[in-house]
Amino acid sequence: MRMLLHLSLLALGAAYVYAIPTEIPTSALVKETLALLSTHRTLLIANETLRIPVPVHKNHQLCTEEIFQGIGTLESQTVQGGTVERLFKNLSLIKKYIDGQKKKCGEERRRVNQFLDYLQEFLGVMNTEWIIES
């Protein structure tokens, strides 16, 4: 009986340890990355001959591929080491997060009514959060 109690407590402890999130929340990661970007801006602009394509419109969520290509270019031209490495590591984690979220865009066949609800929500976000150019 005593052994069963010990095993139960051990299992409960193991479950607790594995249930604690070990990753930093994405919102905190983004805040930290913004601070690092501000801190290392001078170092990052040291190469004034480097040209990186910048998306024209302001709907940033549509340009994630271009943004991360630019980050890759910047990283390959920046001297690595020290604290700037943390910036690029964070940016890589943010990209993984976005890529994971994009996988949720996978198609699932649903009824027309459900699609129209989704379309209405999409247009509502577009109407309130996107910068619509005339």
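Going from the start of the chain as shown, residues are counted 1 onward.
In case you wondered, yes, glycine gets a Cβ from its N, Cα and C as well.
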Annotation match for O-linked glycosylation site in Swiss-Prot, from T22, T26, T64, T83: T22
CB contacts for N90 (site 'Not glycosylated') [other CB atoms within 10 A, all chains]: 19
For N47 (N-linked glycosylation site): DSSP state (helix, strand, coil): coil
N47 (N-linked glycosylation site): tally of other CB atoms within 10 A of its CB: 12
